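J.: According to Swiss-Prot:
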REGION    1-24  region 'Disordered'
COMPBIAS  1-11  compositional bias 'Pro residues'
BINDING   Thr44, Asn46  Mg(2+) binding site
ACT_SITE  Glu113  active site, nucleophile
Amino acid sequence: MRPSNPRPPVTGPDSGPEAPFPIRLSGPVIKGFGRGSKELGIPTANIPVDGLEEVLPKELGVGVYYGVVALDPATAPAPSSSDSTSGDAAPILPAVLSIGYNPYYKNKTRSIEIHIMPSLTLPSPTAPSEEKEKVKFHKLPDFYGTKLNLLMLGYIRPEYDYVSMEALVEDIRIDCEVARASLLRPAYRVYLDGNEDETVSAQRDWLRSF
């Protein structure tokens, strides 16, 4: 079960990703269990877990992470003007993801479920609000079969079981806010916005290599 203590607002050192991050994952977007969008209202892009052990260090295992993603522009949904970049380069967007079995649903097979968030220049749809309206998570049109490149930059938390679906959704909402706040720090935001650092530039080039 999820501990009752408050969640930290950011994770990872302010100086930037530390080993073993950044970690690269890629693959075509495949159909998942069909629950993220329909039951939870949280659209996810799933990619195959094949070869995961080769790139993901054993000490990390299952859990929730944050990072940045790019989709092959040849088959991805057209980006909004706020997400677009110069030329034909694929937009790089923030993301939160889970790798594991989702104890609430008692999954028997491991999955990689990626929720692509809106650009950090836009208001956060998952920000806390005093209004009691249902949170509306960021949604893109379906893009099954599109190649996705993901750069994992940090770890958020382990997997938990939950007493209710509402508790699960609320924790995912907080995950999105933690990911957003973590990525807004200068040493992480450069992976979205770019700079002159050769290491970061190389990672951004890989993200857009389709």
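Cβ from N, Cα, C; glycine included.
Model, not experiment: these values are computed from the prediction.
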J.: Counting by DSSP, what is the helix, strand and coil composition of the compositional bias 'Pro residues' (1-11)?
T.: 0 helix, 0 strand, 11 coil
J.: Any idea what DSSP makes of Thr44 (Mg(2+) binding site), helix, strand or coil?
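T.: Coil, per DSSP.
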J.: Neighbour count first, Cβ atoms within 10 Å, every protein chain included; then name which of Thr44, Asn46 tops the list of binding-site residues.
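T.: Most Cβ neighbours within 10 Å: Thr44.
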J.: I need the CA-to-CA distance for Glu113 (active site, nucleophile) versus Thr44 (Mg(2+) binding site), whole Å please.
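T.: Here the two Cα atoms lie 6 Å apart.
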J.: Ten-angstrom check, please: count other Cβ atoms within 10 Å of the Cβ of Glu113 (active site, nucleophile), all chains counted.
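T.: So the number of other Cβ atoms within 10 Å of Glu113 (active site, nucleophile) is 21.
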